[in-house]
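> Pulled these features from TrEMBL for this protein:
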| type | residues | note |
| --- | --- | --- |
| TRANSMEM | 12-33 | transmembrane segment |
| TRANSMEM | 94-115 | transmembrane segment |
| TRANSMEM | 127-147 | transmembrane segment |
| TRANSMEM | 177-200 | transmembrane segment |
């Protein structure tokens, strides 16, 4: 196996995992359904008002899609608008990473002309995703500590992400919302990965 093949075998499964993960992520960040579904068992939505919660979820999805330049203030607080603007910037970076990875994989496929190689990449990607899902299940009892003390301080260099009842985010996105959304994203990515493996297998028959 050449050095280039070894590098590709190491990197491309990770790229493929990120690519599939973003497809699942796009269904969450660019549409309001997760906030609305969460309101069925999130009592904070009732405190905000179901109509208000519905409208705010539409605004947030539009904001992440850049169809809304800024979130209206009020009702959104200036603090959470700053934080959500930072979050949108991270999503934008992921979007462009998705585009770059797409171009890399298309170019590689045109060069190698081998679906069998990508079947192998997809299997490695699936195994990695399965490991991440198991890791999530392990840390889920300690999710509060991970979310508050590890993830946010690692990603953000401020405390704008801390919310209170004056913030719309406090009602729409309690901590449990993020746990089940991450679980959904991991499971969806795993299913997409398996679907890709099945499709690649059938294409080679």
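Every residue gets a Cβ built from N, Cα and C, even glycine.
All TrEMBL annotations are machine predictions without curation.
If you look at the structure here, what lies around each of the features I listed?
Sequence-remote contacts of a segment are chain residues at least 6 beyond its ends whose Cβ falls under 8 Å from one of its Cβ atoms, and for the transmembrane segment (177-200) they are 16-17, 20-21, 23-25, 27-28, 34-35, 38, 42, 115-116, 118-119, 122-123, 125-126, 129-130, 132-133, 136, 140, 143, 147.
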> Could you pull out which residues elsewhere in the chain have a CB under 8 Å from any CB of the transmembrane segment (94-115), counting only those six or more residues past its ends?
8, 12, 15-16, 18-19, 22, 25, 200, 203-204
> What parts of the chain pack near the transmembrane segment (12-33), using Cβ distances under 8 Å and only residues at least 6 beyond its ends?
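Beyond its ends, the transmembrane segment (12-33) has Cβ neighbours at 54, 57-58, 60-61, 64-65, 91, 94-95, 97-98, 101-102, 104-105, 108, 118, 121-122, 124-125, 128-129, 181, 184-185, 188-189, 192-193, 196.
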